[in-house]
Amino acid sequence: MVLVEGWMPPTRENYEKILFIWKLLYPAIGSAQFIIKWYGMGKTSKPSRFNLPGRLGWFLMEVPGFATLLYIMKTLPKMHGIDDLPWQNRVLAGLFVIHYSYRAVIFPFIQPSMAPIHILVSSMAIGFQLFNGTCIGSYLAAYGPVTEAAWAAQSPLPQFVGGIALFYVGLASNYFHDEELRDIRRRENHRQERLKAQSQNVNGSREVERHYQIPRAGLFKYMLFPHYFCEWVEWFGYWMAAGWVCVPARTFLVNEIFTMLPRAINGKRWYIEKFGEEKVGKKWAVIPGIW
Ligand SMILES: NC(=O)c1ccc[n+]([C@@H]2O[C@H](COP(=O)([O-])OP(=O)(O)OC[C@H]3O[C@@H](n4cnc5c(N)ncnc54)[C@H](OP(=O)(O)O)[C@@H]3O)[C@@H](O)[C@H]2O)c1
């Protein structure tokens, strides 16, 4: 079923156009965060009538990427007379879906709480997901390598396996550091429940919802946003497995860095303002030795 004739799924010509815009647009939007200090999500979320509840906003903005990829994987090969894609295409599509099943569906519901998300931030993220799902999906479904011989030339088996191993290391460490942040709120919740049981005066539950501490486990000892760093390792591994000439995988990584790096740098400033320079200490924002 064609959703939008020529565009969804895209013809090769339109795929090239979409990829061209994707390469330029999101680095520009991401870099704007160095100039525009407003960011209506997470630590810097402010009350607004244009806010969505955190969990719902997150779910809605992350789901379109893998839904688009799945749709294109289902429709585009047939339109190009491809009956059976090589296993590498299916593995890479599967890993994308595994990542986003966690990030889009499981993540928002296992967070103890999430600050409201402004509809503008959600809309930008939906755009990010649609571009990314379209480009990676189209590449894996028809416009990248679609034979074993093409894969052997583009990403020989040791490179493919090494890339996937790195992907899993990044995925697991990203989860580990996400979990440390969840634990901060769970611990605070338990602490308040204990105090309540002892009938001591405690703040209301809103205080738990917006409770922040300086995280300490794992790579948090050295930096404030290791979950971002590990996510970049994950998608670097993905790019390596897909082959260095895979432009959609490279663009995804580059655009993630453009989006998340300013957030981590501004986030370090936020930690210093909230907890003081002394408590933050010598922790880097996200790349040890650089930022
Ligand atoms: N942001 C992006 O552009 C982006 C892009 C791609 C992937 N990701 C991935 O998505 C995940 C979440 O990203 P994010 O930007 O939302 O990360 P984040 O700002 O660090 O927040 C993650 C979650 O932890 C809570 N939290 C953050 N710092 C805390 C602290 N010091 N103490 C207690 N709780 C804390 C937040 O609560 P509040 O919501 O209440 O602040 C939020 O629920 C990460 O693994 C990241 O790699 C993010």
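For all residues, glycine too, the Cβ spot is worked out from N, Cα and C.
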Correct range for transmembrane segment (source TrEMBL, candidates 20-40, 230-250):
20-40
So what's near the transmembrane segment (20-40) in sequence-distant terms, Cβ-Cβ under 8 Å and 6+ beyond its ends?
46, 48, 50-51, 116-118, 120-121, 124, 127-128, 131-132, 135, 247, 251, 254-255, 257-263, 265-266
